[in-house]
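S.K.: Pasting a structure here, questions to come.
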């Protein structure tokens, strides 16, 4: 009997650690990641790297960036306008994404749709998510031409994928009693959504949308720089890639930082108020 | 619900919708976004994708080269995430309310996390590119900085969530600070932390594409090169490789998550 629950080592000592499957998985994950990291450093391409001077130079660059910000190629009004463009791109992608995601999430929620529909939507969303946003934007840029259309459409995909997941989880948590009560009054599917599901999840959905808006602002900056989508991101790219003007880079970085911190503060407040349970 | 509250809630809904519509109008005005044109491009774009983004025999010949760059990107993301996790572990322990050493270090840790998270990865890659040049280290560092910010915040939350009562219990036995952290806090928060690290590996592989386009490293550079050469069959192949990688990493990390959580 004893052997069944007390594991002993070869010399008779008792194992102090439980060594469950979970612990082992944790250990193996850590070991694998550590080994891969070491391999990565052997594998890297170090072409043209001189570590010492590079670090010194970067430290100097960062100092210039953050301590002497200035605008040289455009004025403050233009900077605010460009930030507005970036916010606009993020807002459009979020709002259109939220509307589409709402309907897709109704189809993806296990308690509102047949199993095969929800499974199909989920696979579809997983594939969309796997393509990086920048590739979506660049692919759309070929078809639609460089401009806000390509940027918004490209950013739309990940917004939809993210929100479908969040929304469908919210829908699945709706109390079953609400459905039964509404069904017993003879309400059809759409009635149930409109007067049962929507009112009880609305604030929840709203805070997820705001959270996504915060993410989309960062994405919009990146798309401006990498995919020529305009806005403050593009100015950032020009300032560092074409003019090599670190003071301007510093100024733009501060502008982005201020907006990002403002959005973060707002969304943490919303999250605390409406999403007490959600951790990710 | 009487008539008055009903009327009030209807009025609120109306105002809310109005604000959304006004903001959408302003946004489309400032970005010169045309809803109709936008809608019209979707079928056009999908048609273009299906007719041009095809993997052909000729592009398959480039596969070894692409896979080599893909491996570089994957290694870059994993190395950046793992090392960032080590740094974030220290910052997280210092920043968390339950395990902080003193207030100054706690605020300092949170400040570092907030700054490195909110300065876009674009800015980091562009600044690093100037002095580090076009190689893997630039991409690695750009990913590293952003990941430290994100993981520190996540770790602080996991530590706060996990440890209250066991910290109290160990304090009562007279355990030292390091004993408490290493025997109570970290083992408890570890599964949650690993879960965040795996999430970050996946995110970083996708981000590495963006960083790669900006700094000329890894798979992002390959994509950008073929994209600018208008070699769309190769573009399709690169995209396909990234999609498969991300999905495989996602499946692996979901599996691990199921076992450890």
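Every residue gets a Cβ built from N, Cα and C, even glycine.
Annotation source TrEMBL lists transmembrane segment at B:16-36, B:74-95, B:107-131, B:137-156, B:229-252. Positions annotated as domain 'ABC transmembrane type-1' by TrEMBL: B:70-253.
Mind running through what each feature is packed against?
M.R.: Residues of the same chain lying 6 or more positions beyond the ends of the transmembrane segment (B:16-36) include none with a Cβ under 8 Å from any Cβ of it.
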S.K.: Go through the chain and flag residues at least 6 beyond the ends of the transmembrane segment (B:74-95) whose CB is under 8 A from any CB in it; none is fine as an answer.
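M.R.: Sequence-remote neighbours of the transmembrane segment (B:74-95) are 101, 105-106, 108-110, 112-113, 136, 139-141, 143-144, 147-148, 151-152, 154-156, 158-159, 181, 185-186, 193, 197, 200-201, 204-205, 207-208, 217-218, 245.
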S.K.: What parts of the chain pack near the transmembrane segment (B:137-156), using Cβ distances under 8 Å and only residues at least 6 beyond its ends?
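M.R.: For the transmembrane segment (B:137-156), the nonlocal Cβ contacts are 73, 76-77, 79-81, 83-85, 87-89, 91-93, 95-96, 109-110, 112-119, 121, 124-125, 128-129, 189, 193, 196-197, 200, 204, 207-208, 211-212, 215, 217-218.
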